Amino acid sequence: MLTSIVGINWGDEGKGRMVDLLSSDYDVVCRYQGGNNAGHTVINERGKFILNLLPSGILRENVACVMGPGMVVDIRHLAGEMRRLREAGVKISPENLKISDRAVVTMPYNVAQDCLEEERLADKKFGSTKRGIAPVYADKYLKKAFRIGELKEWDRLKKRVPDIVDWKNLTLQGAYGAEGTSVEEILHYFEQFGLPLSDYITDTGLYLSEAHRQGKKILFEAQLGALRDIDFGIYPYTSSSNTIAAYAPIGAGVPNLKLDRTIGIMKAYSTCVGEGPFTAEYFGEKAHTLREAGGEYGAATGRPRRVGPFDAVASRYGIRMQGADEIALTKLDVLSGFKELEICTAYRLDGKKLTEFPFPDLLDSCEPVFETVQGWNRDISACRKKGDLPKEALAYIARLEEECACKIRYVSVGAERDAFVEM
Ligand code: GDP
Ligand code: MG
């Protein structure tokens, strides 16, 4: 069985936490896109973990993890992440971690390019996480990137480096007037952080196909949300890869396989990190109260997240683009104590009411249309059954289901593994 767990909104919906919860039923968990710009927070009996590159299944002993060919891998960052987890007692070996030979290596100069470009843009900056993600995906499509599998072909790899250095310095030195890279720097990076990975590198497509044939259950974990998809998100304020479920089999290395089920992770209110249009955004005191209630600071960057009420227009679109079969609604507990809650049910554009998400360039001119519903004034973080939830919370969930025309199957009421209600 193949399941994908994907974000319905702008990211940070709590995907890591839901993958950690649901992975107990799976044999393999696979990340299929993005890089260490992801920040997936998992809290369980072993402590709090923030995962950037490793699939969230790494915290389960009987789960094998795959980093697919759709990913970009900063090997220095990976070394640090593996070290931190090992120090916390997590076992990582070539048995439970497989890295695709076709995944692309994020280079130190990609990170430099990312920073140089944000500096150049100054007040027009995109709000990049500065992890080199856009430059390394650009290199991939320019066919100038290094792939992880090349690390196992050292002599061949060494021959490619000088040409890439010459080419990259045209940009670093020529365009930005910055310091260039060198053959020594790159070889050192590969030697130090790449060679130790040799035993982990494999054809993950073959591995997953075989696992599937043996009847193993495979879970695909997305990074970010539908609205950050390079093709279907709020371009150019998107990530540089496809975050949608339809890409999961491709980014994992098994385009021959079809998903059986897609679980969309949707937040009970809205958050957005970085720049770009965010129609239902709250400002001032209202924003501050919600941000503090939800602890909305980026897991990867620590940046305060922009916040707003639940946006049904964007979520409906996210559900459609993800092809979500069911929803896990997260962070409902954060809304406890608000007397009234707003839901953005439509946008207004040039005097007209929009209920479908528009071409992103029009978002700047859209105004949110809010509906107000009653809140609940007691803590729900200890609720574990549907019947434990206050009637106003049930009404809120039902209202979202109706707006989104999708079944809400799980509701999470806390960050800990067991803090959820199955509906
Ligand atoms: P991801 O990127 O989608 O994996 O999400 P993040 O980890 O970036 O952000 C979600 C944050 O909310 C993390 O700090 C989680 O620990 C926390 N979280 C997840 N689910 C819940 C929940 O139901 N209630 C509360 N209060 N926090 C949650
Ligand atoms: Mg996150």
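In case you wondered, yes, glycine gets a Cβ from its N, Cα and C as well.
Note that TrEMBL annotation is computational and uncurated.
Keep in mind it's a predicted model, so treat the numbers as computed, not measured.
Noted in TrEMBL for the protein shown:
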ACT_SITE  ASP12  active site, proton acceptor
ACT_SITE  HIS40  active site, proton donor
BINDING   11-17, 39-41, ARG305, 331-333, 412-414  GTP binding site
BINDING   ASP12, GLU13, GLY14, LYS15, ASN37, ALA38, GLY39, HIS40, THR129, LYS143, ARG303  IMP binding site
BINDING   ASP12, GLY39  Mg(2+) binding site
BINDING   ALA299, ALA300, THR301, GLY302, ARG303, PRO304, ARG305  substrate binding site
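Feature annotations (TrEMBL) mapped to structure.
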| residue | record | Cβ contacts under 8 Å, 6 or more apart |
| --- | --- | --- |
| GLY14 | GTP binding site | THR41, ILE265, LYS267, ALA328, THR330, LYS331, SER412, ALA415 |
| ASN37 | IMP binding site | ASN52, THR129, ARG131, ILE133, GLN223, SER239, ALA300 |
| GLY39 | IMP binding site | ASP12, ILE50, LEU51, ASN52, GLY298, ALA299, ALA300, THR301 |
| HIS40 | active site, proton donor | LYS15, GLY16, ARG17, VAL19, ILE50, LEU51, ASN52, SER56, GLU221, GLN223, ALA299 |
| ARG305 | substrate binding site | ASP12, THR271, CYS272, VAL273, ARG291, GLU296, TYR297, GLY298 |
| LEU332 | GTP binding site | ALA268, ILE380, ALA393, TYR396, ILE397, VAL411, SER412, VAL413 |
Of the recorded positions ASP12, THR301, ARG303, PRO304, which ones put their CB under 6 Å from ligand 2? ASP12
Report, in whole Å, the straight Cα-to-Cα distance of GLY302 (substrate binding site) from GLY11 (GTP binding site). 14
Please name the residue among the binding-site residues GLY11, GLY302, PRO304 whose C-beta has the most neighbouring C-beta atoms within 10 angstroms. GLY11
Determine the Cβ neighbour count for ARG303 (IMP binding site): the number of other Cβ atoms within 10 Å of its Cβ. 14
What is the maximum Cα to Cα distance, in Å and rounded to a whole number, among the residues ASP12, GLU13, GLY14, LYS15, ASN37, ALA38, GLY39, HIS40, THR129, LYS143, ARG303 annotated as binding IMP? 34
Listed in sequence order, the recorded positions from ASP12, THR41, THR129, ALA299, PRO304 whose CB sits under 6 Å from ligand 1 are ASP12, THR41, ALA299
Within 10 Å of the Cβ of ARG17 (GTP binding site), how many other Cβ atoms can you find? Include all protein chains, please. 26
Report the member of THR41, THR129, THR301 (the binding-site residues) whose C-beta atom has the most other C-beta atoms within 10 angstroms. THR129
Using the Cβ centroid of ALA299, ALA300, THR301, GLY302, ARG303, PRO304, ARG305 as the reference point for the substrate site, which residues of the same chain not in that list have Cβ within 8 Å? GLY39, VAL273, TYR297, GLY298
Reduced DSSP state (H/G/I helix, E/B strand, rest coil) at ARG303 (IMP binding site) is coil
